[in-house]
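Below is one structure, written out as structure tokens; comments come after it.
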Amino acid sequence: MSSNVVVAIDGYSSCGKSTLAKALAKKLHFIYVDSGAMYRAVTLYFLRNNVDLKDEEAILAALKDVHLNFHSRDYNSHILLNDEEVSDEIRLMPVSENVSAVAALKSVRHEMVKQQQRMGASKNIVMDGRDIGTAVFPNAQVKVFMTADPKVRAERRFKELSPANPDLTLEDVFENLAHRDYADTTRAESPLTRAADAIILDNTNLTPEQQLDFALEKLKPFLK
Ligand code: CDP
Ligand code: CDP
């Protein structure tokens with residue numbers, strides 16, 4: 001039996017999952033995997049190649065042409081789509097507006113979950129996403145389910161994106177988060193839901209440092 005430790009972090013859009021996951025990975029010297037970046041990169045490929053989301057054959061063919069790799073620098077995971085660095089482009093609105101529809105496709109999820117399980121099969125890993133504690137690693141030793149007030153989440157994401165995107169409004173960001181949360185929690189294939197054994201972390205009033213301390217405390221029994 002494998003003795004590696006898996007930390008699964010799930011939750012709503014823009015509620016601090018990757019901030020926590022990266023900080024934990026850095027502190028513990030674990031590998032960090034941003035599963036959302038994988039769905040975003042697939043979405044970027046589908047958009048660039050006009051893949052029809054109703055055409056199962058076209059989806060399967062496109063998936064065969066998508067090769068994803070992570071490039072780990074300082075625990076900020078950089079994702080490569082067919083050897084091209086796309087870490088910035090996948091955060092922009094065209095991808096954000098389409099990613100939940102792509103992530104709802106069974107064949108896309110099947111392929112991503114297979115790759116994610118391979119990454120965490122024998123290594124200590126922190127992975128964040130929507131279905132990590134429920135579908136990807138149901139036996140993860142530590143599961144955190146994150147949430148925060150939707151307005152606070154939108155403000156945080158807006159602050160992050162607005163300097164480079166002057167036309168973006170806070171309302172655009174709020175609407176996008178609400179739309180994705182609705183789509184992600186109501187889809188048929190492994191919807192976002194809290195695993196029964198996940199610790200809830202509401203970080204509305206917590207700084208990144210405070211949320212890290214909270215998670216480290218919960219992890220203590222698993223780290224000798
Ligand atoms: O960072 P943010 O919370 O905005 O989103 P993300 O983690 O980059 O994920 C983007 C989208 O990918 C989500 O809204 C989901 O539709 C999808 N996703 C998923 O379905 N399953 C995952 N494990 C991770 C992301
Ligand atoms: O990964 P996810 O989409 O859940 O969120 P994130 O990218 O980690 O965090 C979204 C934004 O909220 C980032 O700009 C973080 O710096 C910020 N944040 C914060 O201000 N306070 C926290 N306790 C957590 C995150």
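Keep in mind that glycine also has a Cβ here, set from the backbone N, Cα and C atoms.
According to TrEMBL, the domain 'Cytidylate kinase' annotation covers 7-219.
Applying an 8 A CB threshold to same-chain residues 6+ apart, the list for Ser13 (ATP binding site) reads Arg153, Arg157, Asn176, Leu177, Arg180, Asp181, Asp184. Per TrEMBL, the feature ATP binding site maps to Gly11, Tyr12, Ser13, Ser14, Cys15, Gly16, Lys17, Ser18, Thr19.
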Among binding-site residues Gly11, Cys15, Thr19, close to ligand 1 by Cβ (under 6 Å) are none
The number of other Cβ atoms within 10 Å of the Cβ of Cys15 (ATP binding site), counted over all protein chains shown, is 28
